[in-house]
Amino acid sequence: MIEIDNITKIYEGRPAVDAVSMTIESATITAIVGTSGSGKSTLLRMINRLVEPTSGEVRINGEPTTGMAKNALRRRIGYAIQGHGLFPHHTVARNIGAVPRLLGWDKAKIQDRVDELLDLFSMPPEEFRSRYPAELSGGQQQRVGVARALASRPDLLLMDEPFGALDPIIRTRAQADLHRIQRTLGSTILLVTHDMEEAIQLGDQVAVMDQGRLVQHGTPAEIISNPATDFVAEMVGGVDRPLRLLSLLPISDILEDGAAEGEPIDEKTNLREALSACLWSGRDSVPVERNGALIGHVTLKAIRSRAEGSHELG
Amino acid sequence: MFAVLGLFALFAPFLTLAANRIVAGEGIPVWAVAAPEVTGPGLIAIALSLVLSLPAALPKLRLIGAALGIVALVWLLMQGSETLLQGAGTYARVSLGSGFWFLFAILLLLAADALSYLAPGPLTRGVLLIGTIAALVLILWSGALTDLSIFKEYASRQDAFFDAAGRHLGLAFGSLAVAAVIGFPLGVLSHRNETMRSAVLPILSFLQTIPSLAMFGIMIPILAWVGTTVPGARELGVAGIGFLPAFLALVIYSLLPVVANTVAGLEAAPPAAMDAARGMGMTRNQRLLQVQLPLGLPVMLAGIRIVLVQNIGLAVIAGLIGGGGFGTFVFQGLNQTATDLILLGALPTVALALVSAITMDILVELAQPNTTRHQ
């Protein structure tokens with residue numbers, strides 16, 4: 001558990017981060033979202049003390065970070081940034097093994113860990129281990145950057161716009177990969193982004209920052225259905241809000257027994273896709289399958305009531 | 001175009017014959033330096049080498065042509081100087097004429113041009129350099145050119161020549177070493193500290209703009225004063241003229257390239273990689289040794305190259321204030337209007353600078369960090 005306690009950073013008399021407090025539960029993803037200049041990157045960088053807070057403190061599992069040696073603290077925290085920041089003169093294996101090497105792991109252990117991570121990121125070790133960053137695609141470089149940040153099994157992974165330099169298609173895949181890997185490893189991730197869509201897709205919790213202040217902190221559904229300020233409402237986007245909300249709701253929420261006509265959809269998708277299937281094929285309901293077997297159906301009417309319901313909340 | 005220039009150069013005086021080492025000599029065209037059966041093959045070889053330089057698409061052929069031409073030049077020098085001196089009197093001197101220099105320059109340009117087309121790797125260049133030096137040493141060692149005036153100048157001051165060479169190398173490399181020892185830490189500090197950088201670089205730039213003669217002018221009274229007032233300083237060799245002021249001036253001139261290139265080299269690492277290095281908990285020295293130095297080394301070595309070539313040239317001026325080195329011969333020669341004595345100082349300096357420049361270029365290339373597997 002990471003506790004950020006009333007943390008403030010003042011630059012030239014003006015607060016860049018203004019008395020922010022929040023708690024990040026272990027094994028969750030928290031997405032900090034805000035426009036540029038909102039203080040979100042400064043907040044992130046105060047956690048591994050790349051920026052020293054003017055006041056307030058951060059505690060990792062109850063232990064204040066100010067009591068630890070800076071470099072020892074940073075070696076416990078993974079750090080992945082926009083444009084990957086890989087060392088151009090080191091191979092993929094050496095890049096990923098950077099922090100374990102700083103921690104003095106023995107060679108065999110580092111090599112095993114590198115291969116394990118490459119496998120996890122679907123990059124066959126024997127093919128990628130000895131390549132240099134310049135020989136990778138943008139998406140591969142980004143994956144190596146995240147693998148490097150995860151190499152020493154850190155307590156916490158900080159990510160500053162990790163997908164910012166990727167094109168949209170690769171970006172969607174990278175987000176899905178991160179989600180899968182976070183669930184597999186149970187990592188605690190704090191991710192900074194300017195993209196509300198990304199925050200909603202990835203975050204178990206979303207924290208919205210505006211002019212140095214934390215204006216709202218809650219689940220994506222809460223943020224969408226109940227924006228605390230006009231700024232948050234604007235970030236969430238007016239017309240797309242019902243669709244964004246539906247994309248967060250699982251099929252199981254409104255699954256009904258019985259059959260329906262036409263092509264089935266998978267149980268693991270969300271209500272947004274169910275709505276899309278209804279509209280595209282002109283049906284009032286679609287069958288739902290689990291592992292290829294039909295388990296029921298969802299109706300357009302039920303989807304609509306969920307979207308409306310969310311609107312009433314707002 | 002070079003081939004046409006080369007043909008014209010064949011008509012210029014190849015060697016000059018003078019009654020003694022001071023008076024102006026009489027120019028002698030290349031076909032008249034020796035008997036026709038000797039000059040004939042040489043002339044044909046030079047003409048052939050110029051023809052070989054024509055096909056632009058065949059750089060290897062051009063390189064071979066240039067090498068052939070240079071061999072022919074040396075052959076003509078050997079034969080010509082010996083023949084011309086026969087019966088010309090005890091004090092007669094044979095010197096290199098404008099025709100020789102033109103041809104030599106053209107053939108060198110042709111060789112350099114062909115080489116740049118071939119773009120050999122650093123190791124090949126190293127082998128070529130060593131081969132060329134070996135050939136040069138062999139020609140000089142064999143005594144084949146001893147009849148030329150410049151070698152007579154050499155023969156009469158053999159000990160002084162090697163003494164000057166040692167001094168010259170000491171000045172150039174010694175000042176470089178001292179500048180590197182001071183300049184590298186200064187560069188690292190300037191890189192880390194903005195205030196320091198904004199003070200150090202302008203001061204060094206200013207020092208760099210002082211003309212070398214003015215620098216000696218400043219140095220002489222200061223060191224003379226130190227030498228006479230500080231006890232024990234004179235015994236350590238501190239004096240207004242001599243080796244020390246020349247050495248110090250060279251160190252001062254060397255500092256700017258060393259410091260500026262160290263700073264530039266340390267900044268060569270991508271900012272994102274540096275941020276990541278800091279964020280993953282590398283200490284400042286780990287970042288310096290593992291990231292900045294390997295990525296910045298070529299830029300830093302390029303600074304050393306500038307300093308080395310600059311100092312080999314500047315060290316000539318040390319001859320003016322009794323600092324020793326090849327400059328001694330240059331200024332003696334100027335005073336006596338003995339061209340060949342000037343050349344005795346100038347040619348080794350040029351050769352030294354060239355060899356240093358090529359060697360440093362090879363080192364800079366070898367220092368490039370691997371960023372792909374196949375290089």
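Cβ from N, Cα, C; glycine included.
Positions annotated as domain 'ABC transmembrane type-1' by TrEMBL: B:165-360.
What TrEMBL lists as transmembrane segment is B:28-54 (among others).
Under the heading transmembrane segment, TrEMBL lists B:61-78 (among others). Beyond the transmembrane segment (B:61-78), the same-chain residues lying 6 or more positions past its ends with a Cβ under 8 Å from any Cβ of the stretch are 14-15, 30, 33-34, 39, 41-43, 45-46, 48-53, 55, 96, 100, 103-104, 107-108, 110-111, 113-115, 117-118, 139, 144-145, 147-148.
The transmembrane segment annotation in TrEMBL covers B:98-119 (among others).
What TrEMBL lists as transmembrane segment is B:126-145 (among others). Same-chain residues lying 6+ beyond the ends of the transmembrane segment (B:126-145) with a Cβ under 8 Å from its Cβ atoms: 74, 77-78, 81, 115, 120, 151, 351, 355, 358-359, 362.
The transmembrane segment annotation in TrEMBL covers B:165-188 (among others). Below 8 angstroms of C-beta separation, residues 200, 243, 246-247, 250-251, 254-255, 258-263, 265-266, 288, 300, 304, 307-308, 311-312, 315, 318, 323-327, 348-349, 352 of the same chain, each at least six residues beyond the ends of the transmembrane segment (B:165-188), sit close to that stretch.
Distant neighbours of the transmembrane segment (B:200-224): 186, 190, 238-241, 244-246, 248-249, 252-253, 255-256, 259-260, 263, 314, 317, 320-321; these residues of the same chain sit at least 6 beyond its ends, with a Cβ under 8 Å from one of its Cβ atoms. The transmembrane segment annotation in TrEMBL covers B:200-224 (among others).
Under the heading transmembrane segment, TrEMBL lists B:236-256 (among others).
What TrEMBL records for B:288-308 (among others) is transmembrane segment. Sequence-distant contacts of the transmembrane segment (B:288-308) (same chain, six or more residues past either end, CB-CB distance under 8 Å): 172-173, 176, 179-180, 184, 188, 253-254, 257-258, 260-262, 264-269, 273-274, 277, 282, 356-357, 360-361, 363-365, 367-369.
For the transmembrane segment (B:314-334), same-chain residues at least 6 beyond its ends with a Cβ under 8 Å from one of its own Cβ atoms are 153, 157, 160-161, 163-165, 167-168, 171-172, 212-213, 216, 220, 241-243, 245-247, 249-250, 253, 340-346, 348-349. Annotation source TrEMBL lists transmembrane segment at B:314-334 (among others).
Feature annotation from TrEMBL assigns transmembrane segment to B:341-364 (among others).
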For the transmembrane segment (B:28-54), distant same-chain residues with Cβ under 8 A (at least six beyond the ends): 2-3, 6-7, 10-17, 61-62, 64-69, 71-73, 75-76, 79-84, 97, 99, 103, 107, 110, 114
